[in-house]
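Positions annotated as disulfide bond by TrEMBL: Cys491-Cys501, Cys516-Cys525. The domain 'EGF-like' annotation in TrEMBL covers 487-526. Here TrEMBL flags 1-34 as signal peptide. Look at TrEMBL and you will find 647-668, 684-705 tagged as transmembrane segment.
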Amino acid sequence: MGRAGTGTGGAAVAVAGPLLLLLLLLARSPPAAAGDGRKSDARLVSEQFSQSPQKLAFYSWYGSTRLFRFRVPPDTVLLRWLLQASWGSGPSCTNVEITVYFRYGAPPVINPLGTSFPDNTSVQPSFLVKMLHGNTSINISHPAPGDWFVAAHLPPSSQKIEVKGFIPTCAYVFQPDMLVVRVVEVSILEPDVPLPQTLLHHPSYLKIFVPEYTQKLRLELQGCASNGSLGCPVRLTVGSATLPGNFRKVLTCTGPTQDCRLLLPSPPWGRWLQVTAKSLAGPLVSVVFNAVAALTACRPWSVSFQHLLQNSANQSGNASTGLLPLSPSYQELDRSSGAGDSPFCLRNYPVPREDLDVVSVRFRPLDQVLVQSDMPSVLRLYLNTGMDSGGSLTISLQVNKTAIANNTLVVVCVTAASPFLSFNDSLNCTTAFFQGYPLSLSASSRKATLVIPYPETDNWYLSLQLVCPESPKECEQALVPVETTLYLVPCLNDCGPYGQCLLLRTHSYLYAGCSCKAGWRGWSCTDNSTAQTVAQQKVATLLLTLSNLLFLAPITISVHRSHLVEASVYAYTMFFSTFYHACDQPGEAVLCILNYDTLQYCDFLGSGVSIWVTILCMARLKAALKYVLFLLGTLVFAMSLQMDRRAAWNTMGPCLFAIMVMVTMWVYRCGRRRHCYPTSWQRWIFYLLPGISMATVAITIYTTMMTSDNYYYTHSIWHMLLAGSAAFLLPPREQHTDPWACSQKLPCHYEICKNHREELYTVT
């Protein structure tokens, strides 16, 4: 079978994808136990998920990537990505490298250009693969259930501004397919209840539910024996794989002892935890053991609940409404473990969620956050709606100068899935399966900020505790209030003055990205390594706006030669082109008199109609026919720009039709007069040839030479050449018309559009 990807477009990928997956399923059975590839596991089933192919683009900003979102079902033991890439066979198609990123829970944070991120931004390295023409597969064992994101793009762009549809381009098509193998029979491991297991050919798949407010989880293999002998040749894998980080715990029990245990601090709350036990003794050796799970409950102390008790003793029966509701699993855990008699282990501060807009959330604690040394103060941020991972989570903490002593320290840990509660034992800010983000506040550094772009879809926790490294006794009675500012925004600082925050979409998923201008780069347009100075921005704005003043030349000539409609079109073009480019600039050198989209539309419309009326004016048609074509051409331009504003043929099509009309009229006059038209050689040498040359150079610059770096200069030259060519190409006035005759024609009312002479014999 040939490789998928030798086709010319997305249709080839769409047809070859399901066939390849089917062959892949037939060629490789679900994973069996080590050393036994002959027997398949009946507990495993395979499922396939696919999405429509997308056309890739060369990378210039995050909007250049193509993002795919897949949902991995629970109890999945194997995830296989099949990546398919194809492109055409034309001369413009070359073998380019495609970069593909993977991440669990949120879109991948990428940096192909090597730009800098804003201050206090924490970014994990992305997991990526590079592929060429054809297919590539990626396998992930025991993936975490939930949203997985795949992003792909071509190499960085050349910054060349290409006119859409003018030069043939190559369509690079990319399609990821997902194949999952999941377990349909999973043993439930209940707390403190031994679960007998026997390993022979296939591994054992277990799972245990971790309730909220679980401080520790201990997994233990008891009474382990291999064919009656002592020892425990078992590999225990706990947790699910996530990318780019992977904190799964692997416990290999190969010692002579019968018991083997694993202690997990702060396991993920409110979810099922996968456990896989695999024999290391070979396919013909039986291994038996008892799996035991023990949970240590964490008793929360609710600040708002205590306030209600203090404010209203008579309402003690209803005071529990101020406490965060306990789930049934936690209540069961509380009774079984005796958590009600244990001391408090965390101070819980309720944080309501306030949705402001799309990917925009604000969190405001109900009470002032007080930090002590006896136990951590915990705030929970609800970012588990599935639509919160497309923005940036910003956490800002501050303490007053008089509230914190010189030898005290407020240690902060930001984690997902479960809070960090072991400040007294360690300050590594690591839970069972998550590496947190550490922060600290002190008398010398009273403010701390953390920015997390594209946070994982989960409940996030903010843990704070007071620490005195030199003399712990001084912290026993200390109480430090901490001011918190917690919010989720689409773009940090709205991309600053040199960027624009744009909302992107892939199917029903929304995420945000920054599009930078004026040479600024980076995730939030904060990298000024290639940025323009304010003086350069002002010079660029002046070039793009003042270059339009050259349209005064064709306007003056048109009025002098009684071409009033043409003069009106040139004036319209000059006005809107000037103010469009004044509004199109970033930073300080910007002026918008109308909506940006309106100014851009009017600028494109004026440029096309200017070329249209100039060519038709050169054709020397009868007045009635000329004005009818003027109006119809303007309507066609308005319609085509509404369909696709940047397509080259929206302007070239009508202009080529106008050139055909002009050439037809010139050839007709040459045949009737039996003489070349125009008849004067001075007209050819001093007007037509310079005008045609300027128009040719203008088109060449516009279609082949413009880049993002030289745009200010090349586009200004385009303005001047376009205005200059119109001034040279405008035909002379009619012999019976006096210069500046518009003032004499205006009182004639309808006579201004009526000419009793035969134009065919009166033109020069």
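A Cβ is built for glycine as well, from the same backbone N, Cα and C atoms used for every other residue.
Same-chain neighbours of the transmembrane segment (647-668): 163-166, 607-608, 611-612, 615-616, 618-621, 629, 633, 636-637, 640-641, 677-678, 703, counting only residues six or more beyond its ends whose CB sits under 8 Å from a CB of the stretch.
Residues 51, 61-63, 66-69, 107, 109, 111, 113, 115-118, 121, 357-363, 383, 387-394, 451, 453-455, 532, 537, 585-588, 709 of the same chain, all 6+ positions outside the domain 'EGF-like' (487-526), place their C-beta atoms under 8 angstroms from a C-beta of that stretch. Across the structure, Cys525 (disulfide bond) and Cys501 (disulfide bond) place their CA atoms 10 angstrom apart.
Comparing Cβ neighbour counts within 10 Å across the disulfide-bonded residues Cys491, Cys501, Cys516, Cys525, the minimum falls on Cys501. Residues of the domain 'EGF-like' (487-526) grouped by DSSP class, helix first, strand second and coil last, total 4 helix, 20 strand, 16 coil. Taken together, the residues in the domain 'EGF-like' (487-526) have a mean pLDDT of 91 on the 0 to 100 scale. You'll find the Cα of Cys516 (disulfide bond) roughly 9 Å from the Cα of Cys501 (disulfide bond).
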